[in-house]
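The structure appears below as structure tokens.
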Amino acid sequence: MKFALLSLAAMAVASPVAIDVRQTAITGDELRTGPCEPITFIFARGSTEPGLLGITTGPGVCNALKLSRPGQVACQGVGPAYIADLASNFLPQGTSQVAIDEAAGLFKLAASKCPDTKIVAGGYSQGAAVMHGAIRNLPSNVQNMIKGVVLFGDTRNKQDGGRIPNFPTDRTKIYCAFGDLVCDGTLIITPAHLSYGDDVPSATSFLLSKV
């Protein structure tokens with residue numbers, strides 16, 4: 001039953017949403033392939049979402065950061081090793097170890113390639129679990145470079161006590177919409193789980209306040 005609900009939700013997430021800042025020509029691979037910027041945004045998309053940044057919140061936050069700080073932001077999505085498949089939601093960490101390792105590698109790449117950058121990060125749905133798993137075990141010198149993290153529809157919210165373990169709560173903001181049952185430790189998808197595009201302005205403001 002839960003798997004069927006996840007499948008149904010995945011189709012809804014993959015459907016076109018309002019065409020505004022969410023759908024632009026962003027590759028989401030700017031840390032790997034581009035120059036260092038003062039701010040680096042690392043994001044993990046939700047299950048079945050396309051590209052490296054997905055569609056629900058990743059591109060919106062990326063674009064809003066770029067509009068606020070023109071020429072100062074590099075956006076990097078977690079992938080291609082992280083395939084954002086549905087089945088990985090049922091693993092003990094809420095995602096695959098491969099995905100967690102890839103995300104951790106991107107944080108370490110930002111720290112080594114761009115030692116003066118300020119890192120901000122985010123994740124939606126399964127992508128939030130990716131961020132929990134990656135950030136909690138990073139070396140302290142890399143964690144210290146992460147100034148803010150925003151998580152939407154966090155599938156690890158209840159399991160990890162409303163926070164990313166081993167990471168400061170004042171640098172973390174978790175968005176859990178009223179009625180979104182994944183925030184209560186289930187994988188039951190309700191319409192609320194698809195509403196997080198509305199939180200992009202607030203999330204962007206939070207990240208900007210940290211850099």
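Glycine is no exception: its Cβ is also placed from the backbone N, Cα and C atoms.
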Checking Swiss-Prot: of C114, C183, the cysteine bonded to C176 via disulfide is C183
Provide, as an integer number of angstrom, the distance between the C-alpha atoms of D180 (active site) and Q126 (site 'Transition state stabilizer'). 14
Counting other CB atoms within 10 Å of each candidate's CB, the least crowded of the disulfide-bonded residues C75, C176 is C176
Distance [Cα-Cα, Å, rounded] between C62 (disulfide bond) and Q126 (site 'Transition state stabilizer'): 18
May I ask for the distance between C176 (disulfide bond) and S125 (active site, nucleophile), taken between their Cα atoms and rounded to an integer number of Å? 10
Can you tell which of the recorded positions S47, C75, Q126, C183, H193 lies nearest to C114 (disulfide bond) in space, using Cα positions? C75
Cα-Cα separation of H193 (active site, proton donor/acceptor) and S125 (active site, nucleophile), in Å? 8
